[in-house]
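> Take a look at what TrEMBL says about it:
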- 7-227: domain 'Carbohydrate kinase FGGY N-terminal' (DOMAIN)
- Asp11: site 'Important for activity' (SITE)
- Gln74, His75: substrate binding site (BINDING)
- Asp238: active site, proton acceptor (ACT_SITE)
- 255-435: domain 'Carbohydrate kinase FGGY C-terminal' (DOMAIN)
Amino acid sequence: MSTPTLVAGIDSSTQSCKVVVRDAGTGALVRFGQAPHPDGTEVDPAAWWDALQVAIGTAGGLDDVAAVSVGGQQHGMVALDADGRVIRPALLWNDTRSAQAAADLVVELGEGDTEAGRRAWAAAIGSVPVASFTVTKLRWLAEHEPENAARVAAVALPHDWLTWKLSGSQDLADLVTDRSDASGTGYFDPTANTYRRDLLTRALGRDGDIVLPRVLGPAERAGTVQGLATVLGPGAGDNAGAALGVGMRAGDVTFSLGTSGVVSAVANGPVNDPTGLVTGFADATGRFLPMATTLNASRVLDATAALLGVDHSGLSELALAAEPGAGGLVHVPYLDGERTPNLPTATGSLHGMTRSSMTRENLARAAVEGMLCGLAAGMQAVQEQGVKVRRVRIIGGAARSAAVRQVAPAVLGLPVEVPQVSEYVADGACRQAAWVLDGGAEAPSWETGSSQTYEAEPAPAVLERYLEVAGRVAAEHTD
Ligand SMILES: Nc1ncnc2c1ncn2[C@@H]1O[C@H](COP(=O)(O)OP(=O)(O)O)[C@@H](O)[C@H]1O
Ligand SMILES: O=C(CO)[C@@H](O)[C@H](O)COP(=O)(O)O
């Protein structure tokens, strides 16, 4: 029997680094490794590199792997000096300190008119920047750390930087990225497929000498891993990686429940939503990936489980023992501020507390419902951009929760599919690596694993009540 050609995919996500090794021909899983990332919203990229080394080691190394691609958390600002050194810890997608910078950039582009600014940004880059976007972090740097801003010679994203590190190059000119991740910077137009250097200059206050990673095509080679023959793929933002991993087609909507909660859909044409609820990012195949992203998903369940002194299965049992609507308890889970809706200074709140509603079961249920309602609202926003929903699938760490699987169809009023547990971002990166080797017009098709469909009696009152309470919370946090 001949030895299979192996490919590897990396997901350098918020909480950990995962490495998946698969058979390039069939997609069968061969090896896996994972290592944790430090907590916090600013992280020294060296910690990602260290975690990647551990995860690669656990996954049996890359020596026998023909190609590898890196998927990674989007938007994080990796600022490099002229010698290729990291200037300061990277500000992550969930760091909200640049919220004022985002508001300023919007109003400036609108020449003093916020609504005009939103329209102008949506037309320029397909999205209205909020604190998550790299462009706002650069403005924050220019305002708060001018000595660091003056040293910036190149700006990369987490996946770009890891790809570069794997190549062993220290030359800024060798930095590469892909269209999906570039589209989350705030200075890339995914329709024209060009950087908007004017917007970068507007943010950083410096002229066009900053090196930006070259944007590779969906299956273009980025070189090889240092010291090995392993080909490097272009990589992708994690959500575009997941879309490739789960095999999303038009009409498929995916809920990714990791640290972030993401509702995404594949579209053939661009989306330019001036409300900012939907970001018009690119996917990893040459299409588009409209998304609505919250700052609060799996960690809402983590925090509630810790509060109740249970593990994830205990939290599920409690939540499923409560009635839909949690006895009137509504959890608006803005525990880390919020991005969609854009309420960076908001905090979480519990409404409807009475002596009868304040049970452990209702607290657990309200956390699950609150997290899902935030995403249901995101799905409505995506639909308002003309996306037709054929099916909804749930992936990511919190998709393992029995309560999430069973409550989601009730909250959404739709059946939901849960693909078999897998690391879909790393799987998508693997599939991209196989595509790079194969060089075909489309990514190679792999046998998809089984999935389970969950149905429930629709409970529209849960979302209605959540939206009413969330509207009041938003009003408290809006000037
Ligand atoms: N059975 C479970 N129920 C709910 N949440 C879970 C479960 N298993 C893992 N998680 C949560 O999923 C998260 C990790 O998921 P992941 O998609 O890897 O996140 P990220 O991509 O943000 O790093 C953690 O917050 C973890 O506690
Ligand atoms: O900011 C976004 C998307 O715009 C997030 O989806 C990040 O890309 C992080 O993803 P996870 O690590 O939580 O999966």
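Cβ from N, Cα, C; glycine included.
All TrEMBL annotations are machine predictions without curation.
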> Sorted by position, what residues of the same chain at least six away from Asp238 (active site, proton acceptor) have a C-beta under 8 A from it?
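Listed in sequence order: Asp11, Ser13, Gly71, Gly72, Gln73, Gln74, Val425.
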> Please check each of the recorded positions Asp11, Gln74, Asp238 and report the ones with a CB atom less than 6 Å from an atom of ligand 2, ordered along the sequence.
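Cβ under 6 Å from ligand 2: Gln74, Asp238.
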> Can you tell me how many other Cβ atoms are located within 10 Å of the Cβ belonging to His75 (substrate binding site)?
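For His75 (substrate binding site), the 10 Å Cβ neighbour count is 28.
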> Summarise the model's confidence over the domain 'Carbohydrate kinase FGGY N-terminal' (7-227) as a mean pLDDT value.
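Mean pLDDT across the domain 'Carbohydrate kinase FGGY N-terminal' (7-227) comes out at 97.
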